Structure formats: C-alpha cells, structure tokens
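Take a look at the structure set out below.
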Amino acid sequence: MLQRLFGFKGGVKPQTHKAPSVQEPIAQAPLPARLYVPLHQSIGGAPTPRVEAGEDVLKGQLIGGADGWVSAAVHAPTSGRVVAIVDHVAAHPSGLPTLSVVIEPDGRDEWIARTPLDHRSLPPERVRELLRDAGVVGLGGAAFPSHAKLTAARSVPMEDLVINGAECEPYMTCDDMLMRERAEEIVRGIAIFRDLLGARRVLIGIEDNKPEAVAAMQAAVCGLAEDYEVVAVPTRYPAGGAKQLIRVLTGKEVPASKRSTELAVQCFNVATVYTAYRALAHGEPVVSRIVTLTGNVERPRNWEVRLGTPLGDLVALGRPKADTSRYLMGGPMMGFALPSLEAPVVKATNCIIAAAPTTFPASPPEMPCIRCGACAEVCPHELQPFELYWFARARNFGKTQEYYLFDCIECGCCSYVCPSHIPLVQYFRFAKSEIWAREREKNAADAAKARFELRNAREEREKAEKAERLARTAAARPAEKKPAPASAETVAGQPAAVPVDAAPAAPAVDAEAVKKATIVAAMERARAQREAAQPRNTEQLSREQQQEIAAIEARRARVAGDPPGTRTTRPGSAPPPAETGDS
Amino acid sequence: MITTLAIMALGAIVLGAALGYASIRFKVEGDPLVEKIEAILPQTQCGQCGYPGCKPYAAAISAGEADINLCPPGGMDGVRKLADLLGREVKPLEAEEKPKQVAIIDEQTCIGCTLCIQACPVDAIVGAAKQMHTVVEPLCTGCELCVKPCPVECIHMLPINENLDNWKWKYPVIEIRRAA
Ligand code: SF4
Ligand code: SF4
Ligand code: SF4
Ligand code: SF4
C-alpha cells in the first residue's frame, strides 16, 4: 500500500448514485422464454455460425466460431433448441439488426463436458487460443478480445499488469459486487494474465469509494499469498479509463498511436479476469455476465444474466417505475439510449439505467460556444474540445485530426461541464465515424482503380496476342492457294513428312495435293492457336518454380511413354504432323 | 567591380547548373495535378461523366476542358473537394445524387452469355460461358455498366442499406434546430 500515486489531468466528480444497487447480493436472472445471442459481440471479425436451426445445443456449446485472430467465439448460454438464425435488433445506438442465434431453452440448463485446465501446464500459445475459443473479451464495455492483448511487445519486457476495478462511471456497480463476492476467483485469474505477459508487478486499482471491494480483494490476495498490490485510487471520473488508470498507477502515458504493451504495461478489467479464470479452471466459456440494473426501478441490484436475454425481460426484474421514459446502456457519461428493449444482453452490457424525465432531463438547447475553456480544463487527455467541436461542426475533418481527435476517449467530461450545453461528444463521435467511412471509401476506390488498371493491361495484352495470332495465320494462308511445294516453306522447321509425301503426287493428281495442303495449313493454324493458349504469367518465375515446372514436364512426358527430352512440343499441343500427314 | 561581377557570374553559373541538374534528376513523372484530381474521383469507372473512366475525366478537368460537377458517384462532396483543390467555384451536380448501389444477378435467369463480365470495368463479376454468373459484392463499385448489356435483363441495382458495419453517428441536428 506504499504505492506512490500519480495524477491525471482534468476529470470531473459527478454524483455516483452507486449505493442503491449494492444493497443486495448478485442474483441469478431467471431463464427467459427465448434467448437471442448475437454472433458478433466483440471487436474484430464476426464469428461464423456453427449450428443450424433445429439443432439441440447444450449450455456452453460453441455456436459461433472465431473468425480470424482478433475475434472471439460465442456459446449457447443454456441448453435447448436453436429455433432460428436470423437478424435481430442489436444492443447498439442505431437499433440495426445483427445476425443472432435464437435459442429456446429446455429448462434443464445442462452443461457440455467441461475440462478444467491449468494454464501453467500449457504452452502460452495454447492458452491464448483457449481464451479466444472460450469467448473471453473485455467486459468493461469495449469488448476487445482479451487473448489479442496478451502478447508482450517483442522489444520491451513487460513490467506492470494493471487490473482495473476502478469502475468510475456513475450508477455502475457490477465490478464492485463481483470483487466483493468473487475476489478469490479474480485473484486466481490474474495469475493467468501475469504469466502470459510475463509481468513483473501486478497493480489492482480500485476507486476509494469502494472500501468493501478493496478489503475483499486485499483479503483474497493475502489468502492466496500473492504479491499483488491492491491500490485505492482517488475517486474521480474517468479514473477507470484504461489510460487514466495506467497513468495513475504507473505514471506512464499511453498515446493513441501506441499500444500500451510498447510501454511495458497492459490493463484488464476485473470481470474479464474472472471470466478468463472460469474459462480455464472450470472449462466454462463466457455465457453470462453481471449487469447492474438501476435508476428509476423499484429494485435496483446486480444480476448475473445469460447473454442473449432480451433486455425487456431483464428490466422487468427490477420493476421499473411508471414514469420511466427510456433506458440507457452503459453509464450516464459514456452510455447511449437503447432504441429497443427487444435487444439482448451482450458481453458489452455492463449496466442498464432506467431513466425518468426527472432524473435524466432532456438536455437544454445547444447555445453558442463562449470559449470559456471549461471543457479543456476537465479533458483527461488534455485536448481542446472547443477547437475540436468547431472543426467537427464545420465538417473540417482534417483539422480535427490535427487537434488529436483520435486521442479523445469519449469520456463525456467536456459535455458534462459545458455551460452552453453543447453535446460535444456527439460531435466527436460524428467526426470519427465520418473519418472512418471516408477511409473505407478511399480504400475501396484505390482497390477499384488497381483492378481497373489490371483489367486494362490484360485487355491490351490480349489484343496484342490476338493481333500476333492473326498475323501468323495470315502467313500460313498462302499455302492454301498454292500447290504443295509452297507448303514446304510454311512448315519449315517441322519434320518434312508432308512435302515429301505430297511433292511426287502433285503432277499426278493436282486436286489431291491442294486438299492435302489445305489440311496442313489448317493444322498449322490450330497449332499456332494452341501455342497461344499456353500458360501465361510464366515470364517472371523464380528459379525454384522453373525447376519445378521442368520436373513436372519431364514426369508427364514419361507417363506419355516418351523418354524425357525427345518430345519437342509440350504435351497437349498438336502431335507432330509427320504422323498425321501420312494418314 | 570586376571581382564582384565575376563572383555574381560564378554564382549564377553554379546555381544554374544545380537547378538544371535537379530538373533532370528529380523530374516528376506524369502530371501531378491529374493525379491529385484522380485521387478525389471515386474510381467507379462508370463513364457517367462522359469520359471513358476516371483518369480521362481527371485529365480533362486538369486541361480545363471539363467542368468539375460531372461525376454523379462522387456527389456534392466530390465537387466540393475538387473546387477546393482547383480554386474553382462550387457548382451543383449535373445529375442527381444516388445512394451507393451494388449489382445483383438473378442467378435463376442468367443464361451465361458473359456479356456482363466484358462490361464490368473492375472485374467484379465471375462466371464462365454458359454458366451462371454472380457479382462479387465487395468489389462492385455500383457503376451500372453491366445492367444494359445483359440480354435477359437479370441484373438489378440494389441500394446498399445501412448496417452495423457502415453505420455512422449522425450530425447532432436536433440540438441545433432547437437552438435556432
Ligand atoms: S465548455 Fe462549452 S462553452 Fe466553454 S469553451 Fe468548451 S465548448 Fe465552449
Ligand atoms: S470526451 Fe474527449 S474531448 Fe471531451 S473530455 Fe473526454 S477525452 Fe476530452
Ligand atoms: S458488377 Fe456491374 S455495377 Fe458492379 S462494378 Fe461491375 S459493371 Fe459496375
Ligand atoms: S449478361 Fe446477364 S445473362 Fe449474360 S452472363 Fe451476365 S448476368 Fe448472365
């Protein structure tokens, strides 16, 4: 506890409203009638469905396989039958649909076979894979696949592992309750992350307004005889932002352009650590999470909810008061209003707040910026929100980037203090997504241009080849008109069986010779055509490739019955006219 | 006096030689203005501007032969950027601005004539003679060039709907209106 603390600039102290939801312990939410499990619940690739409609699944069975490295698997939250795999409204500010697996529970809640594993007996690569296939993602709200954060930078030896239990967002208490009730499992889980990263020191940061959680964690650390430091950090929003907590505990500042591992530090949420422990030590993939249900409800508390539970079912457990007008997902500072309660609980759902016009009044109209600088004073990243606002509002996106728009963590401090009630964060989100969209468009345009140019080059080449072929055919044509002797010239360079055969016959039956010459010319044309159709792109082959081709050709020739080397033509091209000329 | 002149003359010769060398050594390939214009154009290669592709249109703009408001896929956004780059007046678009589209082939009707493959400027259609054809949607630029050649009219253009991957935060409009 003799930890020297560093500060971070800015920040605000909103009322916490945390007390109502910590009165009762975490409760198991009942099984809903139907679960809608979205396949894409984490950042990165959208998992591919691994089940079909009509299939019976067990609790914990894989229903969506990770797609690529940065992606995390999705599992059935209970046993039952897959009714359909359809688009269902997502827990997202847009309310747009996303591909979801609809499961009708059979009520037995029967697990698949679970194999407990000890991470120390497995190679680190395997542990990361296991975490990915257990669907372990950042449960603080970002839902970034954890295994992808568990590789230390090659050149920098890992120093600090920061475990984030700060939970600075008002109303939210899910991490607090988790630490109070399941501290031992969290502390055991930290060892997995510490060993994978090779961190020298582990710092557990908890805001000092949660003394019970601090005590519980400390007891667990002592009980397991670990050398982790549990640090109570001053309560100030956003102390729970990964970058702020890293700064407070280690004094390191992570810029937007760098990964924190490059500064020898990495940060994980306590709930993430807990699920990682359950995944390895109990073989239980992530099928549920703890959600705070609070605000304008009769019974605020924390629920352990199966992923995919419709939010309407969850909200009903808290008995919302009559004047509840809307629901927020996430906290009041960084969250968003849910467009529909049909959306399901997902891995990123940490808190649902029932909002009434009295507790969450609609924001007053936006007034002009008076350049008071209050926003700049509270910005934890020392940005200048009023400048960013000015350029975002004018859609001058280049300028917003010059003012480090992408360093903004959308914490909402600036909007919170702005006396003109400007929804600054909304402008920043708008600017960011516009910039991303433009980037996508630019990349698509570049790719289209490259394909267009390749196509043009190919057409040019084909035209040239065709012209060449025509020229060659034209050269062969005269043979048709003239009697046999002429054809000897056109087939010079080939076994002269035809002329030998044709020449003596010429004086006797002229018509016969003309016919034969025509056949020879046609064969010559066909040969030229086939030659033109030989493999392309063979000009810039490497030595190995050429040798490989030579070896294959030799093998083919052997199979065809000729000893290699005697065949001058490639297999598949016209047989030597010497044979056919006679027939 | 003489020395001054000599020094000045020497300086002129040395600097002249350096400039001459630089102009050969660091010669810029191609026309940089055309490239800058082309970077703004959407590379749909649709020819709706009246030129056979984005590059020829860029060349025409740079030569002062074409107006900057002829590219419908680029939209008003493109016109604004071109006006910025060239210091010209922003003009309303000649044609109507359309939402982004993608071509879809009705695979039941396709007779496999390959005409659409020949029409597609970005090779976004796959298929073979007498076989069913299909559009590789991520590569399709929505240029509509394949629609006309199809003899059985089985290619349709569908607007790209908003989904979770291309969804954008909206400009905070309501607040501004309330303030006004
Ligand atoms: S706090 Fe609001 S009014 Fe003050 S400078 Fe920032 S944006 Fe402008
Ligand atoms: S939302 Fe962005 S700009 Fe505003 S205070 Fe937070 S980090 Fe600074
Ligand atoms: S598929 Fe059709 S619309 Fe799409 S790029 Fe090719 S020609 Fe244009
Ligand atoms: S042009 Fe029409 S019919 Fe012909 S291949 Fe293309 S889609 Fe099929």
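Just so you know, glycine gets a Cβ as well, placed from its N, Cα and C.
Please treat TrEMBL annotations as automatic predictions, because they have not gone through curation.
Per TrEMBL, the features are:
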- B:1-23: region 'Hydrophobic' (REGION)
- B:29-88: domain '4Fe-4S' (DOMAIN)
- B:CYS46, B:CYS49, B:CYS54, B:CYS71: [4Fe-4S] cluster 1 binding site (BINDING)
- B:101-130: domain '4Fe-4S ferredoxin-type' (DOMAIN)
- B:CYS110, B:CYS113, B:CYS116, B:CYS150: [4Fe-4S] cluster 2 binding site (BINDING)
- B:CYS120, B:CYS140, B:CYS143, B:CYS146: [4Fe-4S] cluster 3 binding site (BINDING)
- B:132-160: domain '4Fe-4S ferredoxin-type' (DOMAIN)
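Projection of TrEMBL feature records onto the structure.
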residue: B:CYS46; record: [4Fe-4S] cluster 1 binding site; DSSP (3 states): coil
residue: B:CYS54; record: [4Fe-4S] cluster 1 binding site; DSSP (3 states): helix
residue: B:CYS71; record: [4Fe-4S] cluster 1 binding site; DSSP (3 states): coil
residue: B:CYS110; record: [4Fe-4S] cluster 2 binding site; DSSP (3 states): coil
residue: B:CYS116; record: [4Fe-4S] cluster 2 binding site; DSSP (3 states): helix
residue: B:CYS140; record: [4Fe-4S] cluster 3 binding site; DSSP (3 states): coil
residue: B:CYS146; record: [4Fe-4S] cluster 3 binding site; DSSP (3 states): coil
Of B:CYS54, B:CYS110, B:CYS116, B:CYS146, B:CYS150, chain A-adjacent binding-site residues (C-beta under 8 angstroms): B:CYS54
Cα-to-Cα gap, B:CYS110 ([4Fe-4S] cluster 2 binding site) vs B:CYS49 ([4Fe-4S] cluster 1 binding site), nearest whole Å: 29
Among B:CYS54, B:CYS110, the one of these binding-site residues whose Cβ has the fewest neighbouring Cβ atoms within 10 Å: B:CYS110
Binding-site residues compared (B:CYS71, B:CYS140) - highest count of Cβ atoms within 10 Å: B:CYS71
[4Fe-4S] cluster 1 site shell beyond B:CYS46, B:CYS49, B:CYS54, B:CYS71, criterion: Cβ within 8 Å of Cβ centroid: B:LEU41, B:PRO42, B:THR44, B:GLN45, B:GLY47, B:GLN48, B:TYR51, B:GLY53, B:TYR57, B:LEU70, B:PRO72, B:PRO73, B:GLY74
Listed binding-site residues with Cβ under 6 Å from ligand 4, out of B:CYS71, B:CYS110, B:CYS116, B:CYS143, B:CYS146, B:CYS150: B:CYS110, B:CYS116, B:CYS150
Annotated binding-site residues B:CYS46, B:CYS110, B:CYS113, B:CYS143, filtered by Cβ under 6 Å to ligand 3: B:CYS143
Shortest C-alpha distance to B:CYS46 ([4Fe-4S] cluster 1 binding site) - which of the binding-site residues B:CYS113, B:CYS120, B:CYS143, B:CYS146, B:CYS150: B:CYS143
Long-range Cβ environment of B:CYS143 ([4Fe-4S] cluster 3 binding site), under 8 Å and at least 6 residues apart: B:THR44, B:GLN45, B:CYS46, B:GLY47, B:GLN48, B:PRO73, B:PRO121, B:VAL122
Lowest local Cβ density among B:CYS49, B:CYS113, B:CYS120, B:CYS146, B:CYS150, which the record lists as binding-site residues, within 10 Å: B:CYS113
Sparsest Cβ surroundings (other CB atoms within 10 Å) among the binding-site residues B:CYS46, B:CYS116: B:CYS46
